């Protein structure tokens, strides 16, 4: 129905927007942006926010709608200055919400990638559904997570990695986050964290817990000229998994290509999900120290795989990156970075640097 996609010229209202969503119609250009602006400025009521969040998820959001939501959220965010660090940094983050309560694979992978010499600009938060999110675990390791924009940029410039704690950088999101917590079910807002990194890095390994929405996220990154791998473990993880295959939406030069990825092709043994399960922040911090200290096993394998994925995404910023050679190089670099002690040293340097600020 072509008329559904016509530009809507009427001034948006909540009844008109919720009316479209609850009858399964896509929003007109600018309507999602209007709704998000109402939410971010505190104008929308909790009932309007909840209705919008749930109805949008049930309709299934389009990439155009989610792009508008993310762009408005970034407009209200505290920006990280990129004049020193540029935007050819990489983020490693997932939507969360996979219910698996794994150890913090993306946090460990981020440290490995930074130690391999690729600047990491990580966006993250405390746990929503698991016992310990990336922010909780970094705090337990001694990394200060409450840094402001200039301090985070300095951390990337000096150490090679910075962490943007979502609460610090998206103060206007507080209206939505309270509603999101009360609802307790995934909504369209779950997609926004990985799409609203305040430093706008151009590369990323982005996990999505919902296969049907991963392609929507990939479409947003494609519109930004990013080099990103949006990944969904076929066991449901919002990471590249080692228990089975993963589906990858490879975003490069404005296009999206869907691939099935089998780590066994690169020599990885199949793991059991139980081997990747984490605990509270102290438990997960101990797991980080063990893996960076050289401990072998399923967690290390998953960390190496995800670190390599981020290195592949970053390599994709140059147009001549070939898929299989990039993976082989990424896996070798990630392994060497752990085995040489470089990743362990980088974490110690990061802790020292942030504690001095």
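A Cβ is built for glycine as well, from the same backbone N, Cα and C atoms used for every other residue.
What you are looking at is a predicted structure, and each value in this text was computed from that prediction instead of being measured.
Pulled from Swiss-Prot, these are the features on record:
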type	residues	note
BINDING	94, 97-98, 102, 104-107, 122-130, 134	5-phospho-alpha-D-ribose 1-diphosphate binding site
BINDING	94, 125	anthranilate 1 binding site
BINDING	106, 239	Mg(2+) 1 binding site
BINDING	180	anthranilate 2 binding site
BINDING	238, 239	Mg(2+) 2 binding site
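Projection of Swiss-Prot feature records onto the structure.
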residue	record	DSSP (3 states)
94	5-phospho-alpha-D-ribose 1-diphosphate binding site	strand
102	5-phospho-alpha-D-ribose 1-diphosphate binding site	strand
123	5-phospho-alpha-D-ribose 1-diphosphate binding site	strand
129	5-phospho-alpha-D-ribose 1-diphosphate binding site	coil
180	anthranilate 2 binding site	helix
238	Mg(2+) 2 binding site	coil
Around the Cβ of residue 239 (Mg(2+) 1 binding site), the count of other Cβ atoms that are within 10 Å: 28
Position of peak Cβ density within 10 Å, selected from the binding-site residues 102, 106, 125, 129: 106
Binding-site residues compared (123, 126, 180) - the one with the fewest other Cβ atoms within 10 Å: 126
Count of other CB atoms lying within 10 Å of the CB belonging to residue 94 (5-phospho-alpha-D-ribose 1-diphosphate binding site): 26
Binding-site residues near residue 106 (5-phospho-alpha-D-ribose 1-diphosphate binding site), in sequence order, restricted to 125, 180, 239 and a 10 Å Cα cut-off: 239
Binding-site residues clustered about residue 239 (Mg(2+) 1 binding site) [Cα within 10 Å; pool: 94, 123, 126, 129]: 94
